[in-house]
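The next block holds one structure in the form of structure tokens; read it before the comments.
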């Protein structure tokens, strides 16, 4: 059936909450999937799941006050405001515990009276005197909204009610009704009841990212799922009389809706920031005095309702909630009048934007530290090389639509590019690979600025720039490699246009997957072949930026295969390259205003290599691939078989017929920290994705890893919803490694033994 199976006493679809302990209901917590008939109607939610509230054991003889359905109800169908009653949702509520309920309700009323704030924080129809909020927008009653469009201030002067405040009061009225149902009538879990008949089938976690296929290529795994599929994503523990939210609640990081209204909670824990996928949070009718700044981590919130609490102000951190549509604050008698006025006159979105743009600059994080590796003996060679990789997030991709949690001033390219330059110069790498560098930025900013610091560079934009007018072509991003000119000579450089290489391979000309999946992605890799001016050693630097979308894992694999295939051919070619002359090595070392140096004795002849695997190799960049992906497997293991899950269902010529391999012994530098406290947690950090997708791979037979640039201070990250921000100019981290070049092992030449004249007699 299209609507799935129906059951008479169906629990709230996609909700989790404790149920009433009665003779007619088992105490276990149940989740019934609407689209699939359960094997057992009594199938229960695992009792081993951490309980978000202080619930008694399911077999405990103690009465359970966390009831799904409270006593004393008339058996009327559950009704959602604005909707017809659900035809199959009739319930007969037990009256066995009527005396217990009356006692509980009496206790609740006693607790309410202990709070002098306008009658009761948990009251249902309290009207606050306008004197409490002098110089603020008047308090509007529901009756005003029903009978007209104006409200009267204390002085009798009429004031128009804006559409923003009308919506505020509508939601407040609904919240009052829900509170009355739960507190006065002893029926907790009001919101789960109201939603019980609305859900049809299974749903997954909330949609937190754009899915527009025609949108600009973000060049990052923006839509990659962070959590496994869940059959429920909402939780209702409202009306339970809770005073504290237990820590296990915040282990449910997949939650998109959380209802904790009509309790006696005095504070929201800092751990609320772990629920990064929340879109709806209702904490109305509690005893909250403040909102934690960690709420700013929940950037997908659309409704944040805190009606009838004791909140006085709103933290600047809530400025990150750029998708927030409604901040429910009515019924907080001591709230800052400016906040109430802003919502009434300009709406929630205007308030949030004002908080974001006017927030003071956050405290800077601790400086990222270099981690020296102690495993392994020091190399006999004194030659070292420090390399870095950085996706700088080009101006065209940095929009408020994608990074709305960041103030406009921190997204401006003039500000970000200065911070990018500062990070590059702070690292002081010998070679640095940059991704998402547009043409204008390279030639007008980075290249001239870095030239003052001894850097020379090579650059190519994406191939699409060839089809555009000059003005538009300047905004197309590409890849750049900068190297210290006083240390290295550029022997050769190459561009790999992956799509062009793929469609021109003889074995792929008739493959539909090449034309439909690989060819439309204009990703590139650039290669620099360098020689050390002093030692004569040579090195190959590969900088690449692979496709971003996780749905195209096969495309990333083919792109990587094409790059490694090309590197293998070039390395073989470069083993035969002739040695550089002393004059070539000397070029660029002389000071134009100084005395030319004539001592060439410091320069060692160019090193010779007998095979392509003997040349030191660095493959780095934004690979948009995590551990366990086919790209990672190919680089680390040297091969991918045709039956690999990310390759087997496609047709890519010899790659799918014979598999993919390469001859190099490669290792990702940051795997050295994998099982240590310094393990790198992420290189790409946005609200819906946090993982390591940028890598520095090195040839283990020629290079020895000596140190790594560490991650970001964990304490600082607790209140950062995503990058870029004031201190980090890109959504990617700059990563860096330092290596020593292993000494060459020359083959020993053994003299042929002389056995003297032969003692063999002639016949």
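Including glycine, each Cβ sits where the backbone N, Cα and C put it.
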Among 163-192, 193-222, where does TrEMBL put the label region 'Disordered'?
193-222
Looking at the domain 'Endonuclease/exonuclease/phosphatase' (610-732) alone, can you tell me the average pLDDT?
96
Sort the residues of the domain 'Endonuclease/exonuclease/phosphatase' (610-732) into helix, strand and coil with DSSP and give the three counts.
22 helix, 33 strand, 68 coil
